[in-house]
Amino acid sequence: MAPTEPWSPSPGSAPWDYSGLDGLEELELCPAGDLPYGYVYIPALYLAAFAVGLLGNAFVVWLLAGRRGPRRLVDTFVLHLAAADLGFVLTLPLWAAAAALGGRWPFGDGLCKLSSFALAGTRCAGALLLAGMSVDRYLAVVKLLEARPLRTPRCALASCCGVWAVALLAGLPSLVYRGLQPLPGGQDSQCGEEPSHAFQGLSLLLLLLTFVLPLVVTLFCYCRISRRLRRPPHVGRARRNSLRIIFAIESTFVGSWLPFSALRAVFHLARLGALPLPCPLLLALRWGLTIATCLAFVNSCANPLIYLLLDRSFRARALDGACGRTGRLARRISSASSLSRDDSSVFRCRAQAANTASASW
């Protein structure tokens, strides 16, 4: 690559082409060195996340969508969360190919816009759905009696539909401002952003609404839940375990997306001219965004692994589904350390439901 080449090897990054932005023209002279061997390990990481995320999230969707009988509230959120992660990972092979080609996008302008739209929308949906799960846990633990009219399957489904509507709106700027941008030499193109003040400001606003705000809501809910758990009457062991699983999901999401979101905010401020940065810091920001993008993308395959590691009932059901067994194994496994006996159950199979006293949501 040329040393001053615009940069957009990943969908979470924007090209380092500052032409047309007042006060930032001097940054065009900054060198644009790539991470050593990034064209090797970044595609490999993306493809690994694609394989694990596709299998894991497709299994969760199959498990919950094919379940007969009434569905508990958290099942609705988990089903939509798995669908969002599934939509996210389906775009990863495209970005893996682009990364392997040094940022060159061989799939045309339409797929550039569509895949960018899918990433933005599913990322927003995931953040809002996790915030919805936190609010549901808050209502179940802290406001159990007062929240009964709100904690119904219809309200949960309406909340998820509202999340998807917001996610579609959040993805629209990608359809407008992202597309093929020329690489130096004019023969190849990359999938990147137009150098527009409007898009940078809009991206900052969306970052606030689709990451910072859900994060604040989540932290508030878990702080209140933590206070409630320390007061008598104490919450039962099953509910504590279900909270532990959901907290692990939330923590993984925040740990994966917080570095990316923070660096993206700095990047947008730099492009707006509000935060002038010297060339060494710009290069560090570029490398940091590349690494943070990889970390964020890996999150799309994390939730099924969390269910597998922390939920014994899910492990039994997964084994039954993989081996074609009848469910006798699931009946023999205690659900004391899973979500299944609490109202936050996600993966109780029908055999367990017939033999275990069900707890209300």
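Here the Cβ of each residue, glycine as well, is placed from N, Cα and C on the backbone.
As recorded in Swiss-Prot:
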- 1-39: topological domain 'Extracellular' (TOPO_DOM)
- 40-60: transmembrane segment (TRANSMEM)
- 61-75: topological domain 'Cytoplasmic' (TOPO_DOM)
- 76-96: transmembrane segment (TRANSMEM)
- 97-126: topological domain 'Extracellular' (TOPO_DOM)
- 127-147: transmembrane segment (TRANSMEM)
- 148-155: topological domain 'Cytoplasmic' (TOPO_DOM)
- 156-176: transmembrane segment (TRANSMEM)
- 177-200: topological domain 'Extracellular' (TOPO_DOM)
- 201-220: transmembrane segment (TRANSMEM)
- 221-242: topological domain 'Cytoplasmic' (TOPO_DOM)
- 243-263: transmembrane segment (TRANSMEM)
- 264-289: topological domain 'Extracellular' (TOPO_DOM)
- 290-310: transmembrane segment (TRANSMEM)
- 311-361: topological domain 'Cytoplasmic' (TOPO_DOM)
Could you check if the transmembrane segment (156-176) is in contact with the transmembrane segment (76-96), meaning 3+ Cβ pairs under 8 Å among residue pairs at least 6 apart in sequence?
yes
Within the same chain, where does the transmembrane segment (243-263) have neighbours whose Cβ lies under 8 angstroms from its own Cβ atoms, ignoring anything closer than 6 residues to its ends? I mean 6 or more beyond.
12, 74, 123, 126-127, 130, 133-134, 137, 141, 207, 211-212, 215, 218, 222, 225, 229, 235, 285, 288-289, 291-293, 295-296, 298-299, 302-303, 306-307, 310-311, 338-339, 344
